[in-house]
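**Student:** This structure is in C-alpha cells; I'll ask about it shortly.
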C-alpha cells in the first residue's frame, strides 16, 4: 500500500493503508484511528476533543467505528470535525475490522444498532425526566421543611440526612443521563442541564465526570484505560493483576484481606474523600471556572438553607454525613455490575464482546430500577450509552437474543447476589495474590 499519493504525502484522504501501518500510530505524539474504513490523524485534535483527550486516545491505532457511533447522538454534526483529519482509507484488501475480530458479530451488532434507531428507542420521553427531577427537588424541600416545622432533634436530623442522601444519589443517576446526552434532542441542552444537575444539585463538575466516565465506557475494565479499575495499589482486581503483583512481590497493602478493608475505605470514602478532592483538584488545575461556579452555587444554597439550623460546623458535618451515606449507595451500585466481571489489559475485542465481558445485569423490578437509576440494565446501557434509560427494558430481549446467537454470556443476577459477588471477587483476587506472592 502506498504511503501516500502526490507530494503532500497523501493528505486529503487519497492514500491507502494497511492495518499494520495504522497500528504503528498509537503513541501519545502520533495517533491515527479508523472509522468506517477511513483513516484519521487525530494527534492534534485529541487535545480539543469535547469528550476529553484520553477517551479518544484509547482508540489510537484501532478501529473506533462502534465507539464513535455509540458516543455521538448526532454523527453528521461530528463528521464536519472529522473531515480535516482524514488522511486516507484502508486498502481494499484489508478487512473492515482490526485484530481478527468476528466480522459477522460486528455486522449483527451494527444491524441491531440500526434497528434501535429506526424504532425510536434513542428518543427520550420528556415527562419521565421531568418527574424524575421533580422527585429529587421534592425530597430536598421535604428535608428542609421537616427541620423547619419540627426542629432539629437527633432523630429528625437523621431522617433529614437520609432524605438528602436519597436525593443526592438520585441526582447522581440523573446527571449521568444528561452526561450521556440521552435526555434532550440537542447536545447543548444536555450539557447545560448536566451542569445544572451535577453542579447546582450536587456540587460536582460536569467535565470531571464526563472525562472520567467516557473512558470507562470506551474501555470498561481495561487496566490503564478505565479509571474505575485504577485502584492505585490499594486493591488488586480480576484474575491477572493479583498474580502480576504477587510474582513481582508487590505488597502495598495486605491484599489477602482486601475484601475486609474494602468496607473501611471503599464505600465510606469514595465520594466524601477521594472524589471530592479529585473534583476540586481537576477544576482548579484545568481552570474550569464554569464548573467551579456551578459547584459553588450548590454549597451556597446548602449553607443558606442549613446554617440557621446547625451553624457553620454543624452544616459541614451534615453535608459530610450525607456524602458518607450517598457514597455507600454509589459504590455498591456501580461495582456490582463490573467488579465481579473480567478485568484485564487491552485485548482488542469488538464492542459487543468487550462490553459483555465487563458488565452484568441485575433483575428488573420497580425498586431495582429506581435504586440503581436503571443501571440494573448495565449491559444495554453500555452497548447504547446515549439511549434514554426508560427504553433499556425494550431492547434487552434483542440484546439477549444476539448474545445467544454468538454464544456470549449475558448475566442477570439478583441484587443480593450481585452485592455478595463484589466481596467474593475481592476475596478471590486477594487469594490469587497471596498464592503468587508466596509460591511463584
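Glycine is treated like the rest: Cβ placed from N, Cα and C.
Quantities reported herein were computed from a predicted structural model and do not represent experimental measurements.
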**Student:** From 79-102, 103-126, 127-150, which range did TrEMBL mark with transmembrane segment?
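**Tutor:** Checked against TrEMBL: transmembrane segment maps to 127-150.
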**Student:** Pick from 231-253, 300-322, 323-345: which range has transmembrane segment per TrEMBL?
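**Tutor:** Checking TrEMBL against the ranges 231-253, 300-322, 323-345, the transmembrane segment one is 300-322.
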**Student:** Ranges 261-280, 361-380, 381-400, 401-420: which does TrEMBL label transmembrane segment?
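**Tutor:** Range annotated as transmembrane segment by TrEMBL: 261-280.
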**Student:** Express the predicted model's confidence over the domain 'Cytochrome b5 heme-binding' (14-91) as a mean pLDDT, rounded to an integer.
**Tutor:** 92
**Student:** Using DSSP, what is the helix/strand/coil residue split across the domain 'Cytochrome b5 heme-binding' (14-91)?
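**Tutor:** Going through the domain 'Cytochrome b5 heme-binding' (14-91) residue by residue, I get 33 helix, 21 strand, 24 coil.
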